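Take a look at the structure below.
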């Protein structure tokens, strides 16, 4: 896929996505307006706030931070720590068990009926052919409470925790992704803004009917000229002179549930006055919009490659009057609301993908165990064994990520956006790979419609696109990590200005860098948290973290604020981060199983070791290549080839026959 080149404004926006307030963070979370003479100055200004190495900026930040606050901000997030070459084990070891007995019992009572419903009532092939979810399925889902899984019980929902919700989503993902999108667009993003940011009055007014499925919700962000760059939306909402309502105008495209919904979470630009300067700026505001308000129309259902059972349509707002009481959060905070909704729901996508992979493995194994070729069952051939084993490893990693993140959220973690993005990227790509390999194992039978795998493959393709394309999320992962690592370097820089007061910190940080340079490692270890039988994989993870932290620091010091333009570098850093987080979550989960003596513990050890061996090799290859002259030459070639294709409007080289 062609490397994306995003406007600097968007690269800065990536660094703003749901960043929780914490000491030592960026001095400002707003960006300056574009310079009238060009965009490079704009890029310089915005990136300066992220990775500026000038002493003037450091002095300004130092003066702004109270003396009692640590010079280097601490985060419990493992992903944040690994960008600094640190091991933050609190949120990842031991593998979390967050369900109390009541929650576990509730889940046991739900899993059976929901699974049977999808096995006996729902017909995914028929839904796909009809290009809608059958009415009997919709009614059955309402009876099961599936439209209000996380709405509080007192408001008519089931009140599930994130971990309980993940288990339900995994079941849906295993059976029908079209139904999954209908449910997910409704509650994972559709009314999630009300759940997260709504006032008491908003929740009481809207959530009860949304919980029963009497009303359906949709999330309206994407526009014809605004896809990945959400900050560039053009829909507007103008406050009335009387101050009691907004007039909403604009169009949204590719809206899941757009043709079904009665309630919309809509994002539009509004005029916001800066109380300090008096300047009026366009800022995004989030609104709850009812179809009944008037001025709301929908287009016909879109014809799609996959998830055909779900409804996707344009939604148009023409002079729609929205009461001021229907603003979600504060006016002007809509970008944060939009991104936090997406961040909050990404773990659910990983859970759904874990379920999809589980279902595909059943199909592949069943075929391999019963198909005879060359006088033997094909599962006895190593070529098939490798495919099945790799499927199992990908399922284990995806599932481990999903439940790690859901548990972190249930435990009150707020700094999980990097991990959530990683899980979405990994899960969607793992599921696609497994679907493709499942078809390969089944051969011609897998290609046939009746086998049901081609539908899953079609359905899966969109998961790498929506709720943040994987390309954009890779930039998000890398830039967020660089931001946190850059904050630490600035903290160290400030400490050096007062060496007597920060001697311990300076000695520790300098010593770490000296050991790295000498190839001795930084002394980090996982021995106290990883099961002894997984020591070799734990050591691989430690070496990978050391190398990762060193390369991240090198790139910050080399590129500074211009790192936002180095997308070849950012992609490889993100890929390494994804592999590394995968290593840690499976080490944690397998360690728990081994310590408990679970029946599957030795199998999980094999899954864990297999992943860690290959992930470590990929990480080493990706990171060492970033230090190579050959790689720099390779990057120049990529730029040149792409430029030539664009200038030629297609392939440059001629047919070898010359005809």
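Glycine too: its Cβ is placed from the backbone N, Cα and C atoms.
Curation plays no part in TrEMBL annotations; they are all automatic predictions.
What TrEMBL says about this one:
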| type | residues | note |
| --- | --- | --- |
| DOMAIN | 108-214 | domain 'Acyl-CoA dehydrogenase/oxidase N-terminal' |
| DOMAIN | 218-320 | domain 'Acyl-CoA oxidase/dehydrogenase middle' |
| DOMAIN | 332-478 | domain 'Acyl-CoA dehydrogenase/oxidase C-terminal' |
| DOMAIN | 532-651 | domain 'ACAD9/ACADV-like C-terminal' |
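This prediction places the mean pLDDT of the domain 'ACAD9/ACADV-like C-terminal' (532-651) at 98. Taking H, G and I as helix, E and B as strand and the rest as coil, DSSP gives the domain 'Acyl-CoA dehydrogenase/oxidase N-terminal' (108-214) the counts 80 helix, 0 strand, 27 coil. Look at the domain 'ACAD9/ACADV-like C-terminal' (532-651): DSSP puts its residues at 109 helix, 0 strand, 11 coil.
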